[in-house]
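See structure below.
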Amino acid sequence: MSVIEINHPLIEHKMTILRSVDTDTKSFRENLNEIAKLMTYEATKNLKLETTEVTTPLMKTQAYTLQDKVALVPILRAGLGMVDGILDLIPTAKVGHIGVYRNEETLEPVYYYCKLPTDIASRKVILVDPMLATGGSAVYAIDYLKEQGVTDIIFMCLVAAPDGIARLLNKHPDVPIYTAKIDQGLNENGYIYPGLGDCGDRIFGTK
């Protein structure tokens, strides 16, 4: 598939706020949700529509409604920070959760929780995690979703490292990646640089 880096002046401006070490928890959380909302516009432009008829105050006319049923799946916990912004645009989406954390020594994903809609296999899944670093968590989550019968997945993140992009495309070339920024790389601890720090900690004020 492909990697789509979404370029937009509002996203650029809000990403600068997120990157700054001086941004407080409230502002970080708000801007993260706003970026997620802006990205959703681009990431959903290929949703399928079906024709219908609507009666306006003047006459009947042809109109369109969403044919695709959407499920939003954040990778816990940082993915939760993108949920509200996306739901603002797709309020009918069902929401599942996949809990994966990264072992800080091996940098490999460790699974701890999953709860998905019962009809997940029939839905277009938007998988979200703000950071695509090594790609381990995203690959694990997509593996799991496909095991549940999901065939239509897109992955959305705010910041992606080349290593994570390469790993995800190698394992799941059918899954498009939408990101606000492609950063330089990973440091010795597996963190994206220049990045924006530990996104989960900055969302929830835990560090």
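Cβ coordinates are placed from backbone N, Cα and C, and glycine is handled just like the others.
Per Swiss-Prot, these features apply:
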- Arg77, Arg102, Asp129, Pro130, Met131, Leu132, Ala133, Thr134, Gly135, Gly136, Ser137, Asp198: 5-phospho-alpha-D-ribose 1-diphosphate binding site (BINDING)
- Ile192, Gly197, Asp198, Cys199: uracil binding site (BINDING)
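Positions of the features from Swiss-Prot, shown on the structure.
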residue	record	Cβ contacts under 8 Å, 6 or more apart
Arg77	5-phospho-alpha-D-ribose 1-diphosphate binding site	Gly99, Gly200, Ile203, Phe204
Asp129	5-phospho-alpha-D-ribose 1-diphosphate binding site	Pro74, Ile75, Ala78, Gly79, Ser137, Ala138, Ala141, Phe155, Cys157
Met131	5-phospho-alpha-D-ribose 1-diphosphate binding site	Ala78, Cys157, Leu158, Val159, Ala160, Ile192, Gly195, Cys199
Ala133	5-phospho-alpha-D-ribose 1-diphosphate binding site	Arg102, Ala161, Asp163, Gly164, Leu186, Gly190, Tyr191, Ile192
Gly135	5-phospho-alpha-D-ribose 1-diphosphate binding site	Asp163, Gly164, Ile165, Ala166, Arg167, Leu168, Lys171
Gly197	uracil binding site	Val21
Asp198	uracil binding site	Tyr191, Lys207
Using a 10 Å radius on the Cβ of Cys199 (uracil binding site), the other Cβ atoms enclosed count 24
If you count the other CB atoms within 10 A of the CB of Ile192 (uracil binding site), including all protein chains displayed, you should get 27
Ser137 (5-phospho-alpha-D-ribose 1-diphosphate binding site), Cβ-centred 10 Å count of other Cβ atoms over all protein chains shown, is 26
Record-annotated 5-phospho-alpha-D-ribose 1-diphosphate contacts Arg77, Arg102, Asp129, Pro130, Met131, Leu132, Ala133, Thr134, Gly135, Gly136, Ser137, Asp198; largest Cα to Cα distance in whole Å is 17
Counting only residues outside Ile192, Gly197, Asp198, Cys199 in the same chain, those with C-beta within 8 angstroms of the uracil site's C-beta centroid are Pro130, Met131, Val159, Tyr191, Gly195, Leu196, Gly200, Asp201, Arg202
Three-class DSSP assignment, Met131 (5-phospho-alpha-D-ribose 1-diphosphate binding site), comes back as strand
